[in-house]
Amino acid sequence: MYLLLRNQVLEMFDHAYQNYMDHAYPADELMPLTCRGRVRGLEPSRGDIDDALGKFSLTLIDTLDTLALLNKTVEFEEAVRRVVADVRLDNDIVVSVFETNIRVLGGLLGGHSMAVMLKESGRMVWYQDELLHMAKDLGLRLLPAFNTSSGLPYPRVNLRYGVRGPETRTGTETDTCTACAGTIILEFAALSRFTGDPTFEAHARRALDFLWEKRQRNSNLVGTTINIHSGEWVRRDSGVGAGIDSYYEYLMKAYILLGDDRFLQRFNTHYASIMKYISQPPLLLDVHIHKPLLPARTWMDSLLAFFPGLQVLKGDIRPAIETHEMLYQVTKKHNFLPEAFTTDYRVHWAQHPLRPEFAESTYFLYKATRDPYYLEVGRTILENLNRFARVPCGFAAMKDVRTGSHEDRMDSFFLAEMFKYLFLLFAEEDDLPFNVEDYVFTTEAHLLPLSLSTASNSQAPPLLDDSNFEWTCPNTRLLFPDPSTTRSTCHTGTMQTQQACGIILFKLYFESVDSNKISLSSSLQAVSAIAAEDGMRFMQEMMELSSQQQKEQLPPRAVQIVSHPFFGRVVLTAGPAQFGLDLFKSSSGVRGFVTVAEPYNGCSELSNGEIVAGRIALLQRGQCMFAEKARHIHKAGAIGGIVIDDNEGSSSDTAPLFQMAGDGRNTDDVTLPLLFLFHKEGNILLEALKEYREVEVLLSDKARDRGETLSKTERKNVNM
């Protein structure tokens, strides 16, 4: 039975990988809704998210060792040849040190590990460490980031120019996240031990040493953001999710890979404090490092889903089971883990960029317990990906888990991690081309051989001479409160014991907080300047939370393309109108074929009314009020309307939800639904209409399951 699921994982990987190669390569990422590559600078900026893109074919490099693990040896060899021949690292572009380290440097090292393994078995005899040479080149381009008095790296670097000089466009930043500075050691140590050059490992150790020294000594916790020059904590909230997550992961895995007891001692010290202050089984809630009994926020972010897997590695199975089960309940309620969710499972941030952390922890819990329950959890993950995220050109991130709408985004970590963990979950031992117990998984699920622990490296790292960094120096800030900022996770495949344990049944009890009782005067009565600062920061976070909740009072609607060849797989995020049919009150939504209104702006009586009648009219924004457009298409007999933004380049990926207002008059006469699409999403619909002529859509409060959108005739013609 699970053999079929393993084969399904392989088919899904092929769908994602081949569409990237066919439609996006050599671009960094695939845009699965528009079937083209995402090239930085050619698409609207997404802020920190784009710092992962460096015009170095990111997805292909990130996918190298996945190809090898999935037994796709021919594809792996071809991919290595492409990387060696096509990829250039000397690009005048500013990238995240953190993301470039875990995705690109880690990808090159994982690919090198796989190539060496295959060469030793008689394949790829032509390989002469080309990926390792590229990895060292990249490592040298990242090193200038560490030229700080603290040893903490700048958050960004220009791959060609570093950080010094006007041409670098970086180097003025002062802050970095704890995970950004603390998630370097595995890749840099591996690079040192593969090449025999201790410089990289020495710099990564120095950064970790500094973070350890700056921990809050009473609570033994670290904050989320730190000043790279002074070492002062900029954000003093502490948890196991965004901003800190992989710092803890790398302390444990550095011990496993390098055999240094200091890393294990540090991890154990931190872990005891996490379980004392942050863990409120099955919840993991942020606290203040100076006042760890004081909650810092009332919601959790999806990145903490890696933590049960790390607890398995630690050997602490019971709390891992409890937290994983809580995450599974959230997943069952929303189909995916929202980027952030409250203690009673409500959506706080609605996006889901196809993160792999929950699948990762599912795999490690199955590996430790062999409980088939986790295979069923894995089946749920697979089914939801196929039902809700699969589109004709790959898999699209979820813009809003409540509506099922998509974002034109398929991050490289989806191929690097998700399919590794799902394949390992369902595969038998004979299905694997090598023993995964011989490798440690980096946070991006790249494979580094445990044999590196005995590789030659100077026992006493040399004094760090940074004079050779005068030509460059990198960085900026990769702050994680923005859930869009990517972080990939993963855990070592070495399990020293397998513990049999069942699923613990538990009940959640939630306490409500009356935020109305919070008073600004509390900061004025504080006993110290630090307490006053903490109080003001707490108030700011509460106000931000309140603002976010207000935004969520008007959730988006969905435009789902249900005709051939989409069959409900493409869902566009749409803004609602303050008038007309409320789709939340319509159980089935409004379904119909689309046609362009004439005039396109809909500001006068339609000249093609006979065609619009019984259909959903497409209109362009501008020149008159939305209600006026609605009245004109209503008069022509339309059953609905979609207004497309006239601002070229606008997108729901980068702009907040837009709600169409009335015109000040009574709009009770408008009884059809009117939705708003930004320019990019509207173009997807217009291009489909141009290519297929007859395009049918469903306007609704949320996307329907694919099977629900097909007619009886379509069900006969489509392989469900």
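Heads up, the Cβ atoms here are built off N, Cα and C, so glycines get one too.
All annotation found in TrEMBL is predicted automatically rather than curated by experts.
Here's what TrEMBL has on this protein:
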- GLU99: active site, proton donor (ACT_SITE)
- ASP245: active site (ACT_SITE)
- GLU339: active site, proton donor (ACT_SITE)
- GLU357: active site (ACT_SITE)
- THR443: Ca(2+) binding site (BINDING)
- 594-685: domain 'PA' (DOMAIN)
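All features noted in TrEMBL, drawn onto the structure.
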residue: GLU99; record: active site, proton donor; CB count, 10 Å: 29
residue: ASP245; record: active site; CB count, 10 Å: 28
residue: GLU339; record: active site, proton donor; CB count, 10 Å: 22
residue: GLU357; record: active site; CB count, 10 Å: 29
residue: THR443; record: Ca(2+) binding site; CB count, 10 Å: 30
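Note: the CA-CA distance between GLU339 (active site, proton donor) and ASP245 (active site) rounds to 14 Å. Counting residues of the domain 'PA' (594-685) by DSSP class, helix then strand then coil, yields 21 helix, 18 strand, 53 coil.
Over the domain 'PA' (594-685), the average per-residue pLDDT in this prediction is 92.
The CA atom of the residue listed as 'Ca(2+) binding site' is located 10 Å away from the CA atom of GLU357 (active site).
ASP245 (active site) sits 11 Å from GLU357 (active site), taking the CA atoms of both as reference points. Distance from the CA of GLU99 (active site, proton donor) to the CA of GLU357 (active site) is 16 Å.
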